[in-house]
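Noted in TrEMBL for the protein shown:
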type    : residues                                   : note
BINDING : Asn30, Ile32, Gly58, Glu80, Asp106, Asn170 : S-adenosyl-L-methionine binding site
DOMAIN  : 37-264                                     : domain 'Ribosomal RNA adenine methylase transferase N-terminal'
Amino acid sequence: MIPRKLPPLPPIRDLIRVYGLSADQKFSQNFILDKNVTDTIVQHAKISVKDDLVVEVGPGPGLLTRSILDAGAKRVVVVEKDARFVPTLQQLAEASDHRLGFIMGDALTLDHSEIFKKAATIPNFEQSVSSLDIASSASISPVSESLTESEEGNWTPLDDRHATVRLLGNLPFGIASPLLIQWLKMMALRQGIFQGDNRVSMTLMFQKEVAERIVAKPNSEHRSRLSVMAQSICDVKMAYKLPAGVFVPKPKVDAAVVHFERKMEPLVPGSLDRLEDVARFYFNKRRKTMGHNTNRMAKAEPGVRPILDEWISEGNWDMNMRTQEVTTEQFCALACKLEQKNLIIPLT
Ligand SMILES: C[S@@+](CC[C@H](N)C(=O)[O-])C[C@H]1O[C@@H](n2cnc3c(N)ncnc32)[C@H](O)[C@@H]1O
């Protein structure tokens with residue numbers, strides 16, 4: 001299949017000037033104006049004509065969106081909060097051969113069924129979505145073709161309702177972490193665009209320091225609650241580091257793109273809430289030993305002591321290890337035990 005490309009479009013700098021779209025810090029706007037950079041992000045996202053749905057958060061003037069469309073994506077839905085971008089998004093939608101739909105709204109509070117509704121207005125998608133109960137947990141599209149040649153080659157469709165859904169964004173730095181946590185929790189519960197057995201990936205820009213925390217392995221100085229939550233449910237990879245000078249206006253910090261692929265077998269079944277509580281508790285005192293933190297937890301909530309003892313003896317813990325040395329699997333094991341016994345731990 002030959003990817004459909006966009007026709008020649010005015011340079012993005014001209015659109016910004018003509019429409020008076022100077023960056024507004026209220027929306028954490030730092031634009032990328034170099035198409036080589038946005039094309040590289042899209043390559044890391046592995047976008048292809050076979051993907052069923054690509055969602056972009058915060059398209060702004062739309063250069064990353066152009067790269068997504070140039071890669072041949074057949075159904076792209078973008079979500080943008082700043083209404084000033086309506087004319088440029090409209091122009092891009094018209095140039096896209098009806099492959100692009102846009103929603104003006106807040107990605108933090110958006111009901112994801114709106115994304116499916118918008119996708120359903122994109123030609124070729126209608127038939128597959130007409131049978132979809134948007135509120136249900138069904139998959140979004142009965143397309144199996146996209147999975148037979150998945151790049152890892154290890155995703156086996158369980159039925160013909162699988163789809164490949166990709167989420168991208170040069171995220172507004174101000175809300176990047178809350179957005180990520182929200183999406184990870186939705187992924188865990190298979191909600192919204194992460195529903196059913198869809199193959200889902202996310203390719204997202206963060207401040208470099210946040211990206212380092214997300215991908216940090218045990219023993220890394222960057223290891224954090226975010227590392228544990230993300231790695232419990234996704235395979236994560238630092239894809240692309242970008243200096244601050246790539247953005248206009250230039251932010252105070254460098255940035256990096258992280259690529260996430262949802263694990264077929266997450267390390268915790270269902271909700272991530274318990275895992276978040278466990279990781280928060282231990283990382284609140286990250287330099288303390290396991291022995292110290294575990295005693296602290298048992299003191300704050302005595303009912304948890306037998307679970308902790310069991311966890312420690314099963315894990316054969318060295319009580320002198322520090323929080324940052326604990327593996328994601330080990331934190332997940334404790335979260336699963338607490339979940340099974342329906343025990344809540346204190347938050348500090
Ligand atoms: C860092 S800029 C990226 C713009 C463009 N994608 C680029 O790479 O040049 C972040 C974009 O997210 C938008 N945005 C900010 N908060 C948002 C929110 N809550 N929901 C959706 N979009 C948001 C901003 O208006 C802006 O267009």
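Numbers here mean position along the shown chain, with the first residue as 1.
Using the three backbone atoms N, Cα and C, a Cβ is placed for every residue, glycine included.
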Cβ contacts of Asn30 (S-adenosyl-L-methionine binding site) (under 8 Å, same chain, 6 or more positions away): Ala23, Asn170, Phe173, Phe247, Val248, Pro249, Lys250, Pro251
Distance in Å spanning the most remote Cα pair of Asn30, Ile32, Gly58, Glu80, Asp106, Asn170, given for S-adenosyl-L-methionine: 21
Most Cβ neighbours inside 10 Å, all chains, among the binding-site residues Glu80, Asp106: Glu80
Count of other CB atoms lying within 10 Å of the CB belonging to Asn170 (S-adenosyl-L-methionine binding site): 28
